[in-house]
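Student: The structure's right below; bear with me while I get my questions together.
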Amino acid sequence: MAPIVLYSTRRTPAGRAVELTAKMIGLELDVKYMDLTKKEQLTPEFLKMNPMHTVPTIDDNGVALYDSHAIIIYLVSKYAKDESLYPTKDLVKQANINALLHFESGVLFARLRWILEPVFYWGETQVAQEKIDAVMKAYDLLESTLKHGGTDFLVGSTITLADISVSTSLSTLNALFPADASKFPLVVAYLKRLEDKMPHYGEINTARANEALQLYNQKLGKV
């Protein structure tokens, strides 16, 4: 079979989650980065695969799927050699992972998009303090989650899909608005653990989060 095609952009956290998941399970992807400013996501061919015209989208030999959380669960469920990233039999652990996937989409990514979309696409050159305050509140929620869990990673002692998904938006938020170790020591330590323990974290998260930071500063006239 041909490799799964991933349609994405380099910087989007959601697409990076798919790339990281594939790396973790040894799955080859044919990655095609799209230029959303040229509206490549609005072509008839792409809309046939994904009527919501969002990235990431995958084409698994004729099966088209979108939304990073749905995609990474699908990839692991179909192609992973074990259930360490996403269990099917331990329903409590699975539910806890799902809760963190929703935290990533509903809190971390939502607050990141609230800041970046107007700057990157609408020409805004200032970010309201309330948006930055919302990022700090997100860090506080994650700090509490890590304290309550008491383990190295979000759901247990090993990396799961929760960590993969959260790591993407979190690394970009931290590049733009670094977490203060005096206020969020567990978040800062968690980021360092991810950097040390998650394969390909540097090339997929750190480097591309810094690309987002460079564009952000450019759009705000800071460089």
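Using the three backbone atoms N, Cα and C, a Cβ is placed for every residue, glycine included.
The domain 'GST N-terminal' annotation in TrEMBL covers 2-83. Per TrEMBL, domain 'GST C-terminal' is recorded for 90-213.
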Student: DSSP says what for the domain 'GST C-terminal' (90-213): how many helix, strand, coil residues?
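Tutor: The composition, in the requested order, is 94 helix, 2 strand, 28 coil.
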Student: May I have the DSSP-based helix, strand and coil counts for the residues of the domain 'GST N-terminal' (2-83)?
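Tutor: Tallied per class, the domain 'GST N-terminal' (2-83) gives 37 helix, 18 strand, 27 coil.
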